[in-house]
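Q: Residues annotated as domain 'Large ribosomal subunit protein bL25 L25' in TrEMBL: 5-90. Here TrEMBL flags 99-181 as domain 'Large ribosomal subunit protein bL25 beta'. Per TrEMBL, the feature region 'Disordered' maps to 183-223. The compositional bias 'Acidic residues' annotation in TrEMBL covers 189-211. The annotation compositional bias 'Basic and acidic residues' is assigned in TrEMBL to 212-223.
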Amino acid sequence: MAAKLNVQPREISGKQVKQVRKQGMVPAALYGPKYESANFAVDEKEFRKIFQNAGYSQLIDADVNGETEKLLVKEVQIHPVTDEILHASLYVVDKNTPITAEVPVELVGLAPAQDLGVGFVVPALDNITIHCLPSKLISKIEVDITGLAEVGQSISISDLTLPEGVELDSSMDETTSVAYVAGDQKIIEEEEVAPEGEEGEEGAEGEAGAEGEEKAEGEKAEE
């Protein structure tokens, strides 16, 4: 059984919110379609453990003012040096109201291109934003890469099949690549380097320099 997060009311705000963190708590804001935005706090160790498992794509059972609620983590601010959790934004879901969530992408299977040494698969997208009812929320999107056999082949968001009741969020570009096959750099370099003396007697007209190809958490913690 998944652990239940204990969410406590918080009256301290502003610059004094540092006192909350010194007590081993994380300042948090709760909001939702049927929930008035309010300040709360959660135990840092407890929240860290639950968040590591749930991420941004799984609902969390929480005790809020004596009531059991379903929460979705929307934002977590972490100190870049100390790794301390500075603030969390938690969305209180309503079972009849669709939610938007970032779901991690997981590549599954073995690509023939990689198996045969033709190239290697490059993950191009970590998360996909979806829209669905809370009951339809999925924890990840599996992407089958067994059809990737040649360098240059790719899988785009438009190639994915989402479960019934789950839609791609309007913020996503369906042409975005999820994964693609890149050539083995060592093989490419070996093919591009000609044996010494091979190009010597063509004359100035045959000498042209090879042109290289060019390719080309943020807000302050709530106070």
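The backbone N, Cα and C atoms fix where each Cβ goes, glycine too.
TrEMBL annotations: computationally assigned, not manually curated.
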Q: Using DSSP, what's the helix, strand and coil tally for the domain 'Large ribosomal subunit protein bL25 beta' (99-181)?
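A: Counting residues per DSSP class in the domain 'Large ribosomal subunit protein bL25 beta' (99-181), I get 10 helix, 35 strand, 38 coil.
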Q: Can you give me the average pLDDT across the domain 'Large ribosomal subunit protein bL25 L25' (5-90), rounded to a whole number?
A: 92
Q: Write out how many residues of the domain 'Large ribosomal subunit protein bL25 L25' (5-90) are helix, how many strand and how many coil, based on DSSP.
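A: Helix, strand and coil residues of the domain 'Large ribosomal subunit protein bL25 L25' (5-90) number 20 helix, 45 strand, 21 coil.
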